[in-house]
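Undergrad: Encoded as structure tokens, here's the structure I'll be asking about.
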Amino acid sequence: MGVQLRLNPCSSSSAATSPSTFHNGTPYFCKKFNFLPFRTQPLNWVSGIYSRIQPRKHFEVFSSNGFPLNAVSVQDVQVPLTELGSGDTTVSITVIGASGDLAKKKILPALFALFYEDCLPENFVVFGYSRTKLSDEELRNMISTTLTCRIDKRENCDAKMEHFLERCFYHSGQYNSEDDFAELDYKLKEKEGCRVSNRLFYLSIPPNIFVDVVRCASLKASSTSGWTRVIVEKPFGRDLESSSELTRSLKKYLTEEQIFRIDHYLGKELVENLSVLRFSNLVFEPLWSRNYIRNVQFIFSEDFGTEGRGGYFDHYGIIRDIMQNHLLQILALFAMETPVSLDAEDIRNEKVKVLRSMRPLQLEDVVLGQYKGHSNGAKSYPAYTDDPTVPNGSITPTFSAAALFIDNARWDGVPFLMKAGKALHTKRAEIRVQFRHVPGNLYKRNFGTDMDKATNELVLRLQPDEAIYLKINNKVPGLGMRLDRSDLNLLYKAKYRGEIPDAYERLLLDAIEGERRLFIRSDELDAAWALFTPLLKELEEKKIAPELYPYGSRGPVGAHYLAAKHNVRWGDLSGDD
């Protein structure tokens, strides 16, 4: 592949000058260029993150087909770092689809939270981009209603909010227009001045326009002096074929290192704490295998239905929406072997090994459900098919339970049960680890015939009210020998006073810093889809009808039979939580 080198136009070192200006006369090239000596031997390169936001100077590299391979792809391979102050670099964050709900409710508030905590670099700007016609002031008014300061830190809240909004701008354009992205590039350069510019694009848009946006941004609005990164929201296709095609299309314009596939569940506090709990506590790591763990449950439930999102949801269903990504990613993180280090690639390598070791899903190990209408006194709840955006007679599941198995030495024979559903009796997301019975239990007379009541259980509650608790057996005070099941409880809001950052805050900061540990690599994505695609095709070809369950119930009865088939009792239905 032939390459051409373009010198950084915003260098401060002497050697050459340039009179280049914007068409309004504003200079966008500094007067001087940087010339670095040619070396035939490799230098001592510095990779990763030198500090929270390490400024960089380097060349821009183009492939022989004319597409830019600048940014992370060069930065992370062999890019010499120079001693620049924080004032010499800037980060420009462009939210594509800024008028949508995700941008207004999650992305922009998360950016403000990072700014409030002084986690963003000194020089940054935020641009909203969408087809909606808005002015800068209209964007600021729109997002100001969704910005909040930390509950536990309200100092200078109004002033901080005002300063953040002053850095927010808007550009209206079509998603497939190179000219519109060239205009965005012009506006970005005006704000960036002569600093080394790093650019982050967040694609908060439907997946069918990902490639158009990436093409236009890569060709017309990528950085010529710093890195360029793109955050891609799920869904990443509907099956293995469409996902692979999306990846191939994106890689025409980006390298794998520039693509940050986000799964916001991996940014949740308790998911991050999972590895800490296991690998830094001797009491848990020796137990983390088939020898002591009887089953593991990954549970996601919502107490509301699709409520206006039925048109989108009906195209994907609960398996694609929750199980194939959120729950499967957590399963891989839970079950992986000890990585060589905490480096992103080492962790993701181990996750891929887990996914590739999983047994193909069987139809008899899957239960489907769909919520139906239900009346509770004076209040009535609609059925899924009552949603006007849902096609008549839809058999798209709003609930699913599945039993999965990992065919390796550590987990052979241990059922990993997933359960996800809408319009259930409670809102909950948790991991439940049920341990084996005590061999020859001396106190089995006290438990009667149901020895499941005597098993220990470790629970990591992701939402709501983050908590970790361990269920143990203990003696009730008194003269007799009466046993009771108790919880050793770590409730986060009671232990830690500070407000827990939102998952989007952590993931946005990681993307800015170039930390990929919580983002999904392309081979991870392929392995996840390879597991679920045959099942999804079989369900669609056979038109398997879901079992109906009342809105606000505990789900279809079939889920209980599935658990019983594998000698498991759902932990969230035991009634003692």
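Just so it is clear, glycine is given a Cβ too, placed from its N, Cα and C backbone atoms.
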Undergrad: May I ask you to find which of ASP314, ASP321, ASP407, ASP412 Swiss-Prot records for the D-glucose 6-phosphate site already listed with LYS234, HIS264, TYR265, LEU266, GLY267, LYS268, GLU302, LYS422, LYS427, GLN463?
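TA: For the D-glucose 6-phosphate site that includes LYS234, HIS264, TYR265, LEU266, GLY267, LYS268, GLU302, LYS422, LYS427, GLN463, Swiss-Prot also lists ASP321.
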Undergrad: Can you match one of ARG131, ARG199, ARG215 to the NADP(+) 1 site that Swiss-Prot gives for GLY97, ALA98, SER99, GLY100, ASP101, LEU102, ALA103, LYS104, LYS234?
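TA: Among ARG131, ARG199, ARG215, only ARG131 appears alongside GLY97, ALA98, SER99, GLY100, ASP101, LEU102, ALA103, LYS104, LYS234 as NADP(+) 1-binding in Swiss-Prot.
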Undergrad: Which one of 1-20, 161-180, 541-560 shows up in Swiss-Prot as region 'Disordered'?
TA: 1-20
Undergrad: Under Swiss-Prot's annotation, the disulfide partner of CYS157 is which of CYS149, CYS194?
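TA: When Swiss-Prot is consulted, CYS157 turns out to be bridged to CYS149.
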Undergrad: Comparing the disulfide-bonded residues CYS149, CYS157, which residue's C-beta has the most other C-beta atoms within 10 angstroms in this structure?
TA: CYS149
